[in-house]
């Protein structure tokens, strides 16, 4: 992967969104994406020695807006509000939290809805990308900001896949990591469910081969169906049955064409996503998840994991049916730097990494202890040595 040198740029003001130009990016597969911009936000001050950066990596339909209210450029409030801020697990009195919108996304970073130099949206011309490409773009953006090494990378789901690629592909650039609700590679079950979501979008007549952006017709129905199916994999089976059972939606009768309560709930989730997300980005990012394999071109998963020295905390959720606990157990067993496998007992399924704030906050705090930084924040004196870890 080739990323040309670019001039150093400046971090945006706290909580504001900035756009870092990284030039052209050559993907793992050899495609060239010209004129790439990566959206960046930060909370907390960068220390003089630039040693206190914690990179927060979002999941599939997330963005750089980790914390804070909705506003211009942010159609929703922060997706991990309780994790970042003064006194929070990522304590911004000490750490500088930095988040990007992933390459291929639709919240400020270059993706299918972005316009190319010819003034037209990328659309179907946007190439397939991998999780590895996303990480390379993030690293290039940070380098343009003068940040060559980070204290930690933390992320769940697709963010966890990005964190894993960070530590395996660039162990000298990161001092610790939190790998949450993720595995070393995509499983057949994940690929199957995710390919079905892509098919739902592409079967919408308004998809138009991916070149719909300037036509006034968007594949909203296909995207909503994809989200409904995906949302089932995000929540726990027991949780859904406890909340909805086989109940009818209020004032409706399924026997007479009405809806079930769970059906109404899933339709609502689909509508919410359509209001804030681009179908082309959903396809591109889902394809990247399908191709996730940390062992690709590294001698296989086992060799790739066992060669990674970075201290990590691995977190899993008992009811996660998208990334079952066995996948986190594999990471914990194969990563030499794994200090702890933390298992969250939750009925909330995969989304437990977003809603089980107390347990996730504890994992983040332990990860930052592993980072070994003795920086006191903006006036700190620089990092200490990495702390020793024990295998679980």
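Glycine is treated like the rest: Cβ placed from N, Cα and C.
Sequence annotations record features per position, and here Swiss-Prot assigns domain 'AB hydrolase-1' to 52-356 based on sequence analysis. Taken from Swiss-Prot, the feature active site, nucleophile applies to 157, supported by sequence analysis. Residues annotated as substrate binding site in Swiss-Prot: 227, 351. Feature annotation from Swiss-Prot assigns active site to 320, 350; the stated evidence is sequence analysis. If you look up Swiss-Prot, you'll see 373-392 marked as region 'Disordered'.
Overlay of Swiss-Prot feature records on the structure.
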| residue | record | Cβ neighbours (10 Å) |
| --- | --- | --- |
| 157 | active site, nucleophile | 25 |
| 227 | substrate binding site | 25 |
| 320 | active site | 25 |
| 350 | active site | 25 |
| 351 | substrate binding site | 23 |
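Cα-Cα distances to residue 320 (active site) place 350, 351 within 10 Å, out of the recorded positions 157, 350, 351. Between the C-alpha atoms of residue 351 (substrate binding site) and the residue listed as 'active site, nucleophile', the distance comes to 9 Å. Between residue 157 (active site, nucleophile) and residue 227 (substrate binding site), the C-alpha separation comes to 16 Å.
Averaged over the domain 'AB hydrolase-1' (52-356), the predicted model has a pLDDT of 98. Each residue contributes its Cα atom, and for residue 227 (substrate binding site) and residue 350 (active site) these two points are 14 Å apart.
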